[in-house]
Amino acid sequence: MKMLTRLQVLTLALFSKGFLLSLGDHNFLRREIKIEGDLVLGGLFPINEKGTGTEECGRINEDRGIQRLEAMLFAIDEINKDDYLLPGVELGVHILDTCSRDTYALEQSLEFVRASLTKVDEAEYMCPDGSYAIQENIPLLIAGVIGGSYSSVSIQVANLLRLFQIPQISYASTSAKLSDKSRYDYFARTVPPDFYQAKAMAEILRFFNWTYVSTVASEGDYGETGIEAFEQEARLRNICIATAEKVGRSNIRKSYDSVIRELLQKPNARVVVLFMRSDDSRELIAAASRANASFTWVASDGWGAQESIIKGSEHVAYGAITLELASQPVRQFDRYFQSLNPYNNHRNPWFRDFWEQKFQCSLQNKRNHRRVCDKHLAIDSSNYEQESKIMFVVNAVYAMAHALHKMQRTLCPNTTKLCDAMRILDGKKLYRDYLLKINFTAPFNPNKDADSIVKFDTFGDGMGRYNVFNFQNVGGKYSYLKVGHWAETLSLDVDSIHWSRNSVPTSQCSDPCAPNEMKNMQPGDVCCWICIPCEPYEYLADEFTCMDCGPGQWPTADLTGCYDLPEDYIRWEDAWVIGPVTIACLGFMCTCMVVTVFIKHNNTPLVKASGRELCYILLFGVGLSYCMTFFFIAKPSPVICALRRLGLGSSFAICYSALLTKTNCIARIFDGVKNGAQRPKFISPSSQVFICLGLILVQIVMVSVWLILEAPGTRRYTLAEKRETVILKCNVKDSSMLISLTYDVILVILCTVYAFKTRKCPENFNEAKFIGFTMYTTCIIWLAFLPIFYVTSSDYRVQTTTMCISVSLSGFVVLGCLFAPKVHIILFQPQKNVVTHRLHLNRFSVSGTGTTYSQSSASTYVPTVCNGREVLDSTTSSL
């Protein structure tokens, strides 16, 4: 009362009295329930639905109106009979109808504060003798109010009641706004605020991966604040709102049809979230039925598990997911309610209208085209189901009673009756010191567990627990089935849920991506995306990112990670091996055969004249070149890689060092002949061997240094264009391997140059020509090999095969051009493998320990020397 001046109070009183008297202008007689008592509790219930057009009130609300009203009367009766709760104190009631409208409810609630106004101002009406004036029609003094139902109603009423410090407990208002104690400091409720329900609904959407949904809310605090809380929870879970619609208070059919048309404009949003009052939900479902629209509805407790909402539109509501506050049915109330009829229930002025509406009959013989109600009609299990919030109505009445009981025990310790201290209640003390601190087990609840405790938190809110229902058709009968619950976390029995199309519906802005695709989110929209395929070598780090597995790895079948690819290398059973190995084996056999022939005929003139020491070195190099095929085909390992690097260059160095020594010897001899010089130095067999070994040693030293600087090993190599294949290779580049042959190339070039210079030697030295043929052919082979080697770098099998065959062909060139003719003479023309005398002029000859140049006559024998030995005549030396 400190907030109102005395003039404001009187004005409010006048307005309230005049306004309440004017209610009859709407052709709707104001009805109420008044039962006197020591303490009186007010009650606000949506006994009638809101009217249409100019009508304030509509049809009787059978479940949320009549049942809840009777639940309060039932609870009052039980408390008045209780010997332990408020013994000696009789509770009365003053129950009013809100007609499901906040403005109408506010008008009605003015009746609750009239008594407070009267009590406050009674001192102004004192008689001259000191007595108080006698007042007629004194309103009942309200200790507290139970209600309202809709949040918009409770907010309007709470704003009024707080001015007069009248505590209020709602049994159904769930708007989050009502938790604001700075504005609603005399309000409490036995139900939780909507943000718990909004969280539960968002978790249901996330559970089914419904990320693109539409919303519809009723105008007013329940719908608007509820959907706002839902949108906040949805954003936290990356759920997008396709379209957000709101139904106004007009209750016109066209507005609901318009909402359905807007919902149909978003075909990908197959799920529609409803935060609507029950009458709005019913009209929206009816509009969907008229439009033959099919959606999956996820509805708040405004829909709950009410049959009246889906009546006549069951096929449209099939598969809906709805939430209802978790509650236990009050079985004692069932017996009480089923015992009522118009003939024994005279305290409820709306009950006769309820009876006529429920049974579609008339209790009076009126000409309204209705049959007269049979006196044997009764409420039973076939036509009655307890409304879901009956328990909360009963708990609200008992909570107020427990608070009054504790206050009475404190203020009136010596009596069970009311004392003077409670004649005029201190609403502030009642609310803060007693009501917010109550803690008792819910009456009529068979389960004595934590869920049955009734108490309020610091904001005056109840505990947040919800049941999840699914609207199903079982055996041709539609009904709600409990399929889960929410209490901080969601629990669902998915197998029990029925869907309109027999499968979980999808509600996403974009179609789900394939298992090998990632989502490319569109700017400014977390729910719409474009599916982009991952590369074959990428895995899905998450649904938005394809990650490269990296060289040598490949994604698993489910693309959740990567595994190491098996190493690929030439195996002995591969078809590619047949050619190189066959050629190498054939070459090695030929080399062994030549060596055998030479050893067997080691002291024959032909073998001696061929420079057998260099021949054996040359044959060793040729044999080693054939062995390289096996090193290149063997599985790479540090040892094999070292042998490849050492053997390839060394085999060529051995061959071409021996050939270079030979061609150099011939060139120096005949350069000396032309210049008239003395016999060249270092043409003896031992000198030639040392020169050859020296040339070979250079290559060995170079390779050894290379092996030290770059230790041999293996590496897993992957081609950019063939990421699915990992090749096991030696840890050297192909270019490095070829660079290591630079020295051999120099030897080849020098051999070729010397072979070219000695191409016109006398016929006794036609071996120089065969060396020339060898070098020319070798150059052609390697000039052809190099481009093939690099062109086939993408296929290691072809590259390795090319390398092996080229090396083997180089060996065959040496065998074919240099040794095949000699072997042919030795084996098939032994008569030519002899020393013969023939006239030759201008030859170096051996004389004692020195070499002299002389002009010989026809009868003089002048042996030709090279490598310190005589050579045969043109018939043999040319070989």
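Yeah, the Cβs are placed from backbone N, Cα and C, and that goes for glycine too.
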Candidate set Asn292, Asn602, annotation N-linked glycosylation site, source Swiss-Prot, matching residue: Asn292
Of the candidates Asp77, Asp82, Asp301, the one that Swiss-Prot places in the L-glutamate site of Ser151, Ala172, Ser173, Thr174, Tyr222, Lys389: Asp301
Record Swiss-Prot, residue Cys546, disulfide partner from Cys534, Cys549: Cys534
One side of the membrane in Swiss-Prot: Val798 and Gln831: no
Record Swiss-Prot, residue Cys549, disulfide partner from Cys531, Cys562: Cys562
List of residues, in chain order, with Cβ under 8 A from that of Thr174 (L-glutamate binding site) and at least 6 apart: Ser151, Arg189, Val191, Pro192, Pro193, Asp194, Gln197, Tyr222, Gly226, Asp301
Separation of alpha carbons, Cys419 (disulfide bond) and Ala172 (L-glutamate binding site) (Å): 33
Cβ within 8 Å of the mean position of the Cβ atoms of Ser151, Ala172, Ser173, Thr174, Tyr222, Asp301, Lys389: remaining residues of the chain near L-glutamate: Ser149, Tyr150, Ser170, Ser175, Val191, Asp194, Gly302
Least buried by Cβ count (within 10 Å) of the disulfide-bonded residues Cys412, Cys419: Cys419
Rounded to the nearest Å - Cα separation of Cys373 (disulfide bond) and Cys549 (disulfide bond): 80
Cα proximity to Cys509 (disulfide bond), best match among recorded positions Ser173, Cys240, Cys412, Cys546: Cys240
Distance, Cys546 (disulfide bond) to Cys57 (disulfide bond) (CA atoms, angstrom): 61
Cβ neighbours of Cys240 (disulfide bond) where a neighbour is any other Cβ within 10 Å: 17
Residue distribution over DSSP helix, strand and coil in the topological domain 'Cytoplasmic' (600-613): 8 helix, 0 strand, 6 coil
